[in-house]
Structures are given as structure tokens and as C-alpha cells.
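K.L.:
Here it is: the structure, laid out below.
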Amino acid sequence: YCKRLLNDILSVLIPFHLGLQVKVTPATVTEGQKVTLSCSTTCTLSDNPNPTYIWYKNGHVTTQSNSLFLNPVSSEDAGRYSCAVEGHEDLPSAEETLTVRYGPKSTSVSVSPSGEIVEGSSVTLTCSSDANPPVDKYTWYKKNVTSPKASGQSYSITNIISEDRGEYYCEAQNGRGSRNSTALMIIVAGKQTSVLTTAVGIIVVVLVLILVSLDSCGSGDPQEEVMPQQTHSVHPDPNSDTYTALNMKTRSPEYDTLAGLPHCHSLSDRC
């Protein structure tokens, strides 16, 4: 009795746990092709001869059916798949991986640092793309320029000048294809003087002008003091050796003769 009971228990538990199997055909596929996933058991379920299978993708329920048909398969279908018998969801099968290979997609360009780009500064453009296998070649282009600008996932422009303005884009490639990003416009602004620098410059100029003015006032020829003219009365000093009193009578006898002559008041007077 004990042996029969143990066999009954094992016949119920073991098939559900070990008998379920997921088969992915093919396991690796290129996007656009078709894939079939089937779930089967090696045991006969006495209580449910035609079971309904529940499918899981990455641990989440997706659908209920014996098989999954993915046609055409996309990159979003890649993942880990398992199945379980309805009513026994706690005993799922082992997971099988579906690998989908695809060319680059969602290719985009980002710029660092962000914000205004000023002449003399540097910027770095980075290309990003989703692909399987991963992108193995990045090429950089500038619109209206025939030859490539650079290669590699990042492209740096140092000491940028006005001629660097324009639209830039990248091309991502792998063994499954290639994809261009949308163009990113680079606008180069002229060098700008900060408000603080301008204010400091104005203050320095004002101070220099003040110092020059003060220096001119201090080093210029001093104005001669204008002394008020004083009116001096000159009185002869008879005692001085350098002064001789003028006495016409003592100097010449003709003075008396001249003094005695009549005075003419006009040209009509006859003297």
C-alpha cells in the first residue's frame, strides 16, 4: 500500500515538474523571419489528457495555447520562454531563450555639454543605437560635406569656430544592416563678455581717468600769484646822493628869459 501510494504521488508530481518541455525552432533568428515555440509533456495526464498550456516570457504570462507562432518575429520577441499546464502554474518548465538578431535601430545623437556653444569651446557628439549584435562601426557626417568627418562612437570638436556650425549625424552599422541618426544642428555663438567682466573693465577705466586727472593737477606749473599792485608815492629825498633837486633857475640863466616871454594861446596870436 505504501509503495503504491508513493508511486501515485510520484506519477502526479514528477511528470509536471520534469515532463514539460519547451522547444524553440529556430532558437536564433533574424528579425523578419518566423519562429515556432511548442510546449509538450512526455507524460500522459490522466486527469487532463488535452491540457491547456500557459506561456511565460521573462517570468510574465503572455498567452494560453499549445504553441506560439511568431511571424514575422521582431526584436521585441527576444527573451526567455517557459510553459506550464493550466491548473499547475506553480510547476513550469525550464526556460528556453529566443535570440533575435537585427540591424541598428533607434539611432540618435547627443551633445555634451548641452546649452549654448560659444566660439573657442569644445563639444562632444555621441552616437547611440540599439542593435544585435552590437554596432561595430560608427561614422560621422556633416550635411553638405561629402567625406566623413570622423569614425567612432564619439566625435569631439575642440576650439570650435563659426565654420563648424551645421547639421551633424552618425551612421551605425553591424552585420545585419545600418541606420542613420536624425541630424543634430550645431549653432556656434560669438564670444561673449560676461557682465562681471564688463563691470570690472568700466570701473578700471574710471579709476585710471581719475588718477590721470589728479596727476595732471599735481604736476602742472603753479599759477603765479598775482599780487595786487600797490601805488607808491615817490618823494624825493634831498639827502640822497642819487637824487638832485631840479631847480631850473640854478641850472641856466636862459630860464628867466624864457619865463618872461608872453604865452601864445592860439596860432592866431602873434607873439
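Every residue, even glycine, has its Cβ placed from backbone N, Cα and C.
According to TrEMBL, the feature signal peptide maps to 1-21. The annotation domain 'Ig-like' is assigned in TrEMBL to 15-99, 104-186. TrEMBL lists 195-214 with the feature transmembrane segment. What TrEMBL lists as region 'Disordered' is 221-240. The annotation compositional bias 'Polar residues' is assigned in TrEMBL to 228-240.
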K.L.:
Write out how many residues of the domain 'Ig-like' (15-99) are helix, how many strand and how many coil, based on DSSP.
P.N.:
7 helix, 41 strand, 37 coil
K.L.:
Can you count helix, strand and coil residues in the domain 'Ig-like' (104-186) using DSSP?
P.N.:
3 helix, 49 strand, 31 coil
K.L.:
Return the average pLDDT for the domain 'Ig-like' (15-99) as a whole number.
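P.N.:
The answer is 88, the mean pLDDT of the model over that range.
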